[in-house]
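Novice: One structure is given below, represented as structure tokens, and several questions about it will come after.
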Amino acid sequence: MALLPLLDVINLGRQPYEQSWQAMTAFTNQRTPDTPDQLWLVEHPPVFTQGQAGKAEHLLFPGDIPVVQTDRGGQVTYHGPGQLVAYPLLDLRRLKMGVRDLVTAIEQTIVATLAEYGIESYPKPDAPGVYVENHKIASLGLRVRRGCSFHGLALNVDMDLSPFLRINPCGYQGLAMTQMRDLMPETPSLVQVQEQLVCQFARKLGYETCTMRAN
């Protein structure tokens, strides 16, 4: 695989979900064949997001947490502080990748990232995401427009998991969630996990260099 020139990594800090969604949609609509690929890192305030395949009955009792209907694939999930969210904004035609290839690459990136912290995890062929002993630790939801990807992944690092009890995560009743904090004697910081995930992602897709900057 020929090395690609650049992956532009942008850390958005903590940002409302809808603001990130509007920005990634605008970026995807405006990019040209020469636009460098980007990977956005972000942490969202509490929010439930409902994918295009989402069904209302999977929102059990959202309560005071807002619900946003999105254009990504998949069903309902939760985002909140202490969760690593990453949005790969990639030109899949330039990468010569299909959507399934990207899903596999993201899952492998998460598995490799967790392995660096001694956590053994695996993807499921019939249920996108990454799991540890049948507990879900990372969720995926993508959209492709004009051959370019947006939306992405969410990895549970050190967060309050209780809002997941208000939904059927990803449309699965009773699906148990887990996080890195519950699987390690000492939890790394979100920034440390972000840096590890960026390295694994760049290696997996063959980017030669990464630039990292705060927005």
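Any Cβ shown, glycine's included, is placed from N, Cα and C.
Not my notes, these are from Swiss-Prot:
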- C170: active site, acyl-thioester intermediate (ACT_SITE)
- R72, G73, G74, Q75, V76, T77, Y78, H79, S139, L140, G141, G152, L153, A154: substrate binding site (BINDING)
- 33-209: domain 'BPL/LPL catalytic' (DOMAIN)
- K136: site 'Lowers pKa of active site Cys' (SITE)
Novice: Y78 (substrate binding site) to K136 (site 'Lowers pKa of active site Cys'): how many Å between their Cα atoms?
Specialist: 12
Novice: Taking the Cβ of L153 (substrate binding site) as centre, how many other Cβ atoms lie within 10 Å?
Specialist: 24
Novice: Residues with Cβ closer than 8 Å to the Cβ of R72 (substrate binding site), same chain and 6+ apart in sequence?
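Specialist: The list for R72 (substrate binding site) reads T49, G51, Q52, G141, L142, R143, H151, given in order along the sequence.
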Novice: CB neighbours of S139 (substrate binding site) within 10 A?
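Specialist: Excluding its own Cβ, the number within 10 Å is 26.
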Novice: Distance between L153 (substrate binding site) and K136 (site 'Lowers pKa of active site Cys') at the Cα atoms, whole Å?
Specialist: 13
